[in-house]
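Copied over from Swiss-Prot, here are the features:
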| type | residues | note |
| --- | --- | --- |
| TOPO_DOM | 1-6 | topological domain 'Cytoplasmic' |
| TRANSMEM | 7-27 | transmembrane segment |
| COILED | 28-54 | coiled coil |
| TOPO_DOM | 28-535 | topological domain 'Lumenal' |
| CARBOHYD | Asn77 | N-linked glycosylation site |
| CARBOHYD | Asn85 | N-linked glycosylation site |
| CARBOHYD | Asn458 | N-linked glycosylation site |
Amino acid sequence: MRLRNGTVATVLVFITTFLSLSWYTAWQNGKEKLIAYQREFHALKERLRIAEHRTLQRSSELNAILEQFRRAVAETNGSKNALNNFSDETLKLLKELTSKKSLQVPNIYYHLPHLLKNEGSLQPSVQVGLGRTGVSIVMGIPTVKRKVKSYLTETLHSLIDKLSPEEKLDCVMVVFIGETDLDYVNNVVASLEKEFSTEINSGLVEVIAPPATYYPDLTNLKETFGDSKERVRWRTKQNLDYCFLMMYAQKKGVYYIQLEDDIVVKQNYFSTIKNFALQLASEDWMILEFSQLGFIGKMFQSPDITLIVEFIFMFYKEKPIDWLLDHILWVKVCNPEKDAKHCDRQKSNLRIRFRPSLFQHVGLHSSLAGKIQKLTDKDFLKPLLHKIHVNPPAEVSTSLKVYQGHTLEKTYVGEDFFWAVTPVAGDYILFKFDKPVNVERYLFHSGNPEHPGDILLNTTVEVLPFQNEELVLSKETKDKRLEDGYFRIGKFENGVAEGTVDPSLNPISSFRLSVIQNSAVWAILNEIHIKKMTN
């Protein structure tokens with residue numbers, strides 16, 4: 001019997017091992033095929049880009065010739081003798097060509113016409129690395145020549161050393177050398193290949209540089225916003241550098257995060273970023289911010305990079321990159337007939353800030369010659385005393401007295417926790433949605449690790465349906481109706497209120513937290529999550 005059991009166990013182990021190996025082999029083959037398809041696709045995409053470039057180039061030349069024909073015809077309109085030497089067919093063709101003028105669709109070459117002169121203008125002049133694709137996160141690290149000190153090596157060590165072996169396989173760091181002096185570029189590449197040979201050979205690190213023909217003439221730029229000529233040139237070139245880097249990185253991963261060459265990072269930064277993005281997978285965000293400084297730590301979904309690059313190309317000479325990003329959000333969601341607060345609420349759903357910051361700026365000497373910048377992110381070392389969620393755009397208000405600037409508005413958008421002086425009966429916290437929302441669940445958490453006793457007590461959760469008079473409700477739900485039309489759907493227990501919303505009450509116009517009895521303690525609200533129903 002023991003022998004038989006042992007034989008059965010051996011057979012089971014063999015079958016399991018065989019199936020596992022078969023599955024792994026099939027998975028590996030599938031992965032290799034996917035990588036091969038991706039390479040073929042990107043090669044085809046590059047051939048199409050070159051073909052488009054040549055077509056536009058020929059189109060530009062033909063338009064120039066047609067314009068010359070039009071001028072010639074205009075100049076000879078009063079002279080029949082000038083056209084006597086042309087055949088009837090030629091005259092007919094000239095008439096057709098000069099009378100028809102097709103509409104031209106603007107594209108990148110409209111804003112940067114110099115790119116048509118060289119089909120290699122959008123191809124890196126230097127490209128080092130394996131060309132890894134299919135990762136979760138692509139990190140873009142632009143660097144330029146600094147007269148005093150370079151921080152690039154320290155930055156890369158900080159980014160690499162805080163990755164686990166598994167994380168190193170799920171990302172790629174693209175170093176963009178924004179210089180056209182090939183001697184300088186090659187020196188930087190040689191230095192990086194020596195210092196980070198393992199990372200480059202494994203595909204984790206890539207190094208690129210743009211061709212000189214990528215840049216337009218930057219000598220006659222209009223001075224704006226009180227900036228000097230040199231600063232305008234610096235910020236204009238910086239915009240172009242960001243665009244080239246983003247275009248190169250777009251096809252490599254799911255997300256693209258913009259970094260700089262003079263930063264340090266926190267431990268576990270990669271998993272924190274990835275998990276935060278996955279938590280927001282069902283939300284319609286455009287920018288996730290992991291630092292409050294400039295363009296550092298701004299993450300985008302790869303499909304959105306096309307819009308961002310196009311927008312920057314349109315206005316690259318006008319404003320710095322962080323201002324242009326804010327304008328994109330304004331164009332997408334702000335109503336000119338509404339006030340600034342309404343606009344900020346709408347933008348906060350597209351631009352979501354993670355705290356505390358994961359990246360700290362350490363460079364003292366700017367890439368702009370002679371500029372000293374003592375910029376540091378004050379949120380870098382702060383402990384996280386609140387939780388971040390994306391909530392429906394809403395106007396928030398409260399009767400409670402706010403303590404030391406810990407406002408309800410900041411809490412609702414995930415920037416801070418709300419802290420108020422002792423609540424009394426009749427006090428309220430109100431969330432009035434900009435438009436009615438179908439709500440699935442809610443969560444309100446009071447207190448925090450530093451002040452665990454500052455919780456909401458004797459407080460109820462109430463909702464106001466949008467179609468209050470037309471509701472078809474069960475008797476149980478009807479009994480929850482209050483005199484002012486709100487429905488009491490929950491209450492705080494041990495500082496927490498959470499639950500679901502009866503679907504028959506949807507859509508909801510407002511959420512309200514109502515204090516029923518005087519409290520003996522102050523109140524902190526450190527987490528607000530009003531979860532919309534998914535379609």
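Just so you know, the numbers here start at 1 and follow the chain as drawn.
Each residue, glycine too, has its Cβ placed from N, Cα and C.
Since this is a predicted model, take the numbers as computed values, not measurements.
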So if I draw a 10 Å sphere around the Cβ of Asn458 (N-linked glycosylation site), how many other Cβ atoms end up inside it? 14
Reading the DSSP string in three states, the entry for Asn458 (N-linked glycosylation site) is coil
Along the topological domain 'Cytoplasmic' (1-6), what average pLDDT does this model show? 50
